[in-house]
Amino acid sequence: MPIITLPDGSKKVFEKSVTILEIAQSIGAGLAKATIAGRVNDVLLDATIPINKDSKVVIITSKDKEGIEIIRHSFAHLIGHAVKQIYSDIKMAIGPVIEDGFYYDIFSEYRFTPEDLIKIENRINKLIKTNYDVEILQVSKEEAIKTFKERDETFKLRIIEEIPEEGLINLYKHEEYIDMCRGPHVPNTRHLRHFKLLKLSGSYWRGNSENESLQRIYGTAWAKEKELKDYLTRIEEAEKRDHRKLGKKHSLFHIQEESPGMIFWHPNGWTIYQVLEKYIREILKKNDYLEIKTPQAVDKSLWEKSGHWEKFRDDMFTTASENRTYAIKPMNCPCHIQVFNQGLKSYKDLPIRLAEFGSCHRNEPSGALHGLMRVRNFTQDDAHIFCTEEQIQEEVSTFIDLVFEVYKTFGFDEIIIKLSTRPEKRVGSEDIWDKSEEALTKALDNKNLKWELQPGEGAFYGPKIEFSLKDCLSRVWQCGTIQVDFSMPIRLDATYVDIDNEKRNPVMLHRAILGSFERFIGILIEQYEAKFPIWLAPYQIILLSITDRNIEKCLKFNELINNNGYRSKVDIRNEKIGYKIREATLGRVPLIAVIGDKEEEIDSVALRALNGKNLGIFNLPNLFKLMDELIEKKGRTE
């Protein structure tokens with residue numbers, strides 16, 4: 001007689017084993033109809049599996065986060081059901097849930113097209129309208145092997161081989177189609193309604209390019225029609241803002257096959273990069289960082305000593321010279337310790353903050369590369385703070401202020417903060433872990449910040465705080481981080497002399513605000529839709545001549561504006577002024593200055609903003625004053 005305890009503390013007694021669906025039915029028909037699965041003693045369970053002992057039960061519906069994930073996972077199985085009905089010689093690989101959706105990797109000699117996506121989507125719609133029950137079969141490993149051998153599902157058999165002999169395997173039966181999964185899944189397809197298949201892409205079995213080539217079908221699913229429509233609108237907007245398209249359209253950068261994952265910056269894009277670097281450099285200087293520069297290639301012996309050779313060898317580019325092997329640095333920290341190690345350091349010298357715009361290379365898989373967001377060569381706004389244990393909290397607190405100042409400058413006001421604490425496998429004493437975690441916690445709490453704890457997610461060498469931005473499309477980008485490191489200063493012999501004249505290892509704080517320049521610029525391109533604020537824009541103002549008579553004045557003003565430190569260009573083509581204004585607007589230039597006969601007579605320009613607003617007539621001194629005010633605000637309106 002299982003006693004079921006519900007979230008409100010109430011208890012229900014049942015005479016025999018009971019399913020989550022039956023528990024829901026005992027509460028009300030409406031809840032039973034909405035039930036997707038349950039959480040039993042903190043373990044997710046299918047709605048139709050019997051519970052035969054006293055348990056704490058939470059009923060899951062589509063309103064719950066777990067509910068929508070279960071819906072999405074069930075839709076992945078529906079892809080399998082549909083494609084197996086439509087196409088022959090199809091083998092199913094894996095179909096997991098991802099953020100906002102799901103995908104299924106499929107092996108087929110037939111190459112799917114966008115027209116096939118429509119066909120598959122129509123078949124899925126047909127299947128879900130039949131409202132069939134999804135049966136769960138809990139079988140032994142031997143029975144699972146037999147099932148998938150009969151169906152010639154090669155990839156499922158490979159997965160089963162990795163499963164231990166003991167225990168049962170969950171098979172899910174969608175009419176004639178059978179798939180395997182940990183589950184849970186919806187009990188009936190009436191819970192599956194609001195979905196869209198999105199796109200096709202290529203993939204490899206287990207993500208290894210040496211394995212079979214697969215085809216991936218992506219989809220999204222939501223609990224309500226409005227949520228689906230809102231998401232598809234966001235997807236459409238994201239495609240409009242795609243930094244790769246805008247980068248090409250506005251001649252910011254390009255990537256080519258001869259140098260995958262490495263950026264060819266064009267003058268417009270490089271201007272943005274340089275302005276961003278200058279801004280960060282000023283911020284660092286104001287906060288007492290010392291800028292350094294370290295080599296690109298370093299003998300592998302240093303990477304062996306630091307531990308990177310053992311852990312990251314496959315991700316490192318190497319070269320050889322005179323019988324020595326060098327690694328192109330994938331990160332800057334070991335090199336920064338070499339700078340710290342030059343000369344004796346006293347506790348009175350700490351903290352020492354070493355910063356570098358460090359160019360790094362990592363051998364990312366070609367399939368993972370994505371414009372500016374995932375590259376092989378990137379520049380970090382990297383810094384390492386060498387300090388005592390007692391200084392950790394103050395340094396972290398100051399860094400948090402710095403992060404918020406920079407993000408606010410770019411218009412990011414919603415920052416998500418996560419604190420990751422000690423993992424099971426770690427170095428360092430419990431005492432120093434206690435002190436470090438307490439220091440990070442206090443630094444956050446003293447500022448009354450909301451943050452999320454991630455127990456056990458810290459690195460083996462110390463806890464960390466991660467800072468993520470939420471952009472205009474509600475996408476989250478993890479950028480900033482500050483990481484406590486007890487290990488590397490010891491491995492690389494970094495020491496200082498303490499107050500008792502004893503040598504001690506400093507604590508090292510790894511920290512970055514942007515993460516990498518490439519990725520952050522990619523985020524900015526999409527955030528601004530390439531309509532950069534005036535301080536960051538490749539060109540801040542464009543001068544347009546109305547007639548050929550005004551060309552000389554345009555050129556003279558352009559020279560004066562550039563000589564005063566602004567970024568200006570001209571359009572003196574023999575085109576109608578309306579056409580020129582439209583072109584300048586499409587080119588995303590923040591200020592558009594028109595010079596005709598009337599303006600030339602009074603040595604001024606007719607100024608308009610990118611949004612079309614007429615700003616009035618300005619002579620050069622007043623124009624410079626306006627531009628200085630706009631640049632000083634850095635696009636902020638407060």
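Glycine is treated like the rest: Cβ placed from N, Cα and C.
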Listed alongside Cys333, His384 for Zn(2+) in Swiss-Prot, from His243, His250, His510, is His510
Quick tally, other C-beta within 10 angstroms, His384, His510; top of the binding-site residues is His384
The correct DSSP tally for the domain 'TGS' (1-61) reads 14 helix, 22 strand, 25 coil
Cβ neighbour count (10 Å, all chains) around Cys333 (Zn(2+) binding site) is 20
Not counting Cys333, His384, His510, residues with a CB within 8 A of the CB centroid of the Zn(2+) site are Met331, Asn332, His336, Asp382, Ala383, Gln483, Asp485, Met488, Met508, Leu509, Arg511
